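Asks: Features from TrEMBL:
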{"type": "TRANSMEM", "residues": "B:12-34", "note": "transmembrane segment"}
{"type": "TRANSMEM", "residues": "B:73-96", "note": "transmembrane segment"}
{"type": "TRANSMEM", "residues": "B:108-129", "note": "transmembrane segment"}
{"type": "TRANSMEM", "residues": "B:149-170", "note": "transmembrane segment"}
{"type": "TRANSMEM", "residues": "B:176-201", "note": "transmembrane segment"}
Amino acid sequence: MTEVITKQEREEAFAMFYGMAASIGELAEPAPEMTDEERVERAKEVFLKGIDNNVAVQLDACVHCGACAQACQFFLGTEDPKYTPIHKLDLLKKVYKRELSPMSWLNKFLTPDITADDLRDQVELVYDSCTMCGRCNMVCPSAINIGDMVALNRSAMAAAGLAPAELRYMRDGQEADGTIFGADEDLFNFRIQDIEQKLGFEIPIDKKGADVLLMTSGLDIHLFADATGGAIETLHHMGVDFTLASKTPGYEGANFGSLSGYDATKKKLTKDSTAAIEELGVKTVIVPECGHSYPALRFGAAEAVGRDVKFEVMTVSEYFGRAVMDGRLKLEKKDHPTPIALHDPCKVGRWGGVFDEPRAILKACGYDLHETESNKQYNFCCGGGAGNFLLPSADKLKRVGYRIKMGEIEATGAEELVVSCGSCRMNFEVGKVKAGDSMPVESLAAIIAAHLPQKDKAEGDRA
Amino acid sequence: MSLLDFARGPALQWAAVIFVIGMLWRTVGLLLMLRSRPLSKDRKSGLAGAGVKTMFSRFLLPKVFAKRVGFQFLLGWVWHVGFVLTLFFFQVHVLFFKGVFGFSWPALPNAVVLPVAAVTLGILLILLVRRMTNPMLRYISNFNDYSSVIVTLLPFVTGFATFTHIPALAYETLLALHFLSVALLLVWFPFSKLFHVITVLPSRYILGVKFWRRGVEA
């Protein structure tokens with residue numbers, strides 16, 4: 001692997017970036033002004049639009065058994081009953097019961113309507129104390145999709161002008177010019193040129209008709225160049241006909257419309273990316289190591305444009321993992337004397353089904369993988385997913401979530417952690433600093449690149 | 001008309017009518033609601049099979065949750081099985097159903113059903129006390145949660161009182177109270193969370209399909 005960013009460079013960038021991220025709430029435009037009646041009306045409109053047969057059946061299947069609390073790291077870490085996942089759906093349930101349930105004719109008289117104060121109280125429950133990780137979905141005896149219904153709540157809060165300032169700032173910026181954290185086209189080009197210089201080969205940009213488009217994200221551009229560099233180096237090594245795109249819709253994988261609850265922005269960003277991808281004419285898109293960017297494009301593109309799309313979407317670990325599994329990518333098995341743990345990012349794992357691929361990569365690299373007690377679809381969130389790593393108001397909860405996750409990792413005896421998601425990585429890094437932990441957290445893409453066979457040997461193999 | 005005549009006559013009949021109409025109303029109402037259809041490609045095939053699998057796999061608790069949820073899961077299992085056995089396989093109940101439907105099925109001996117009913121009653125009481133004393137459960141509980149447990153408890157309490165002929169009340173009065181408690185349960189059923197009897201399996205199917213589309217066994 002060619003080192004595209006040194007440890008010291010990364011630490012300096014991290015300190016600068018963390019300072020910037022900590023102040024974005026102050027940079028946000030004031031929240032939209034509206035009356036309490038308007039807030040309630042807008043929130044209800046979103047709820048009513050989002051309740052279909054599936055949501056109704058699931059809401060009617062809840063018996064308030066409370067099992068979901070036992071799967072939620074924010075409840076487990078605080079034992080505060082208000083963080084019980086199903087409680088976060090109370091407003092949605094009220095609107096359903098009063099307005100749409102087959103029993104609404106009766107419920108109207110028995111169930112009080114939601115108020116603007118209810119909405120204000122809800123903000124902490126669906127942003128700060130929920131990363132929509134969906135672990136509660138896995139324990140519920142009725143299999144209620146609480147995670148997706150919290151997403152619907154976020155949409156209602158955003159419509160009511162109550163999304164947290166930090167996420168509003170991120171959404172406003174991306175709505176305006178497609179960028180996040182100021183990672184505009186100039187910065188993207190600078191970063192790619194820097195990587196190009198270090199890797200020593202030309203990185204194709206805007207190559208129409210290439211087989212593969214590799215996307216990146218603002219977080220990687222600023223901080224985790226090793227993830228982008230690792231993916232580029234591996235694609236080059238494999239001889240794949242790939243390209244990157246120089247315009248934001250083609251390179252920015254993150255979607256803060258999705259995380260903040262602004263559905264119109266989510267759709268616009270996905271539509272713009274879809275148009276850019278289809279214009280390039282690539283067959284496959286690799287989204288970056290950025291958890292939510294995978295479901296946003298893989299499952300969101302067709303929904304955004306209202307038709308099937310002409311490309312396949314894979315995430316970094318999925319693409320390279322499959323290449324390892326079917327023999328297209330040979331990695332050099334090295335001697336790793338200490339065990340490693342793997343974090344399955346919720347949006348890629350539980351919400352994306354990518355489990356076997358990263359494990360195949362680690363095996364091919366010769367790692368002794370020690371699984372956490374909760375793994376694959378039962379994995380604990382890093383504690384700061386769904387954009388929560390940017391919310392100072394959620395700091396205490398993030399640390400609680402981190403502690404539970406890190407506790408499981410430490411229990412494996414692993415001395416290193418690998419993760420294929422930038423925001424998980426960011427949350428682990430911040431959590432480590434605050435807790436005084438020191439376990440190295442590595443990018444899977446960087447690990448792949450570090451295990452590419454020596455060039456001469458690889459070329460010999462291909463010949 | 002005596003209290004017993006009223007209880008096993010009009011009270012039970014009207015309760016049954018309300019039960020049937022209420023259950024049909026709510027079920028058909030749900031069926032008529034619109035469904036969203038995803039447009040993106042599935043990661044896996046065999047969605048219906050996966051949905052059915054989740055309908056049944058959720059009867060078991062994943063090992064990773066056993067320590068924290070195992071006790072309540074076990075209580076839930078035993079109480080539901082006990083309820084079904086007591087309702088449908090107690091000799092007197094089988095005779096009652098024969099009178100209503102015109103046919104019957106083999107009953108279990110009293111020596112089996114009575115302990116089962118006692119355990120079921122005990123578990124219901126434990127669940128009620130747990131809901132009242134566990135801070136998390138108390139916080140999320142509402143009128144529907146408490147009333148549904150109490151309304152389900154009453155037929156067991158009155159049933160035991162009738163079977164054992166407790167001396168405080170005349171046998172006919174006890175029997176009438178048992179019928180009235182059953183009537184209350186029937187009336188309460190469609191309007192309460194007890195309706196989950198209809199929605200629990202479809203709800204599991206929905207998540208099973210949703211997650212298998214993405215390649216995840218739910």
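Heads up, the Cβ atoms here are built off N, Cα and C, so glycines get one too.
Are these features on the surface or tucked inside, and what touches them?
Replies: Listed as Cβ neighbours of the transmembrane segment (B:12-34) (distance under 8 Å, sequence separation of 6 or more from its ends, same chain) are residues 179, 182-184, 186-187, 189-191, 195, 198-199.
Long-range Cβ contacts of the transmembrane segment (B:73-96) within its own chain (Cβ-Cβ under 8 Å, at least 6 residues beyond either end) map to 59, 61, 104-110, 112-113, 116-117, 119-120, 123-124, 126-127, 152, 156, 159, 163.
Within the chain carrying the transmembrane segment (B:149-170), a Cβ under 8 angstroms from the stretch's Cβ atoms is held by residues 83, 86, 92, 114, 117-118, 120-121, 124-125, 127-128, 131, 177-178, 180-182, 184-185, 188, 192, 194, all 6 or more beyond its ends.
Panel annotation: around the transmembrane segment (B:176-201), residues 2-4, 6-8, 11-12, 14-16, 18-19, 21-23, 25-27, 30, 55, 144-145, 147-148, 151-152, 154-155, 157-159, 161-162, 169 of the same chain, lying at least six beyond its termini, place a Cβ under 8 Å from a Cβ of the stretch.
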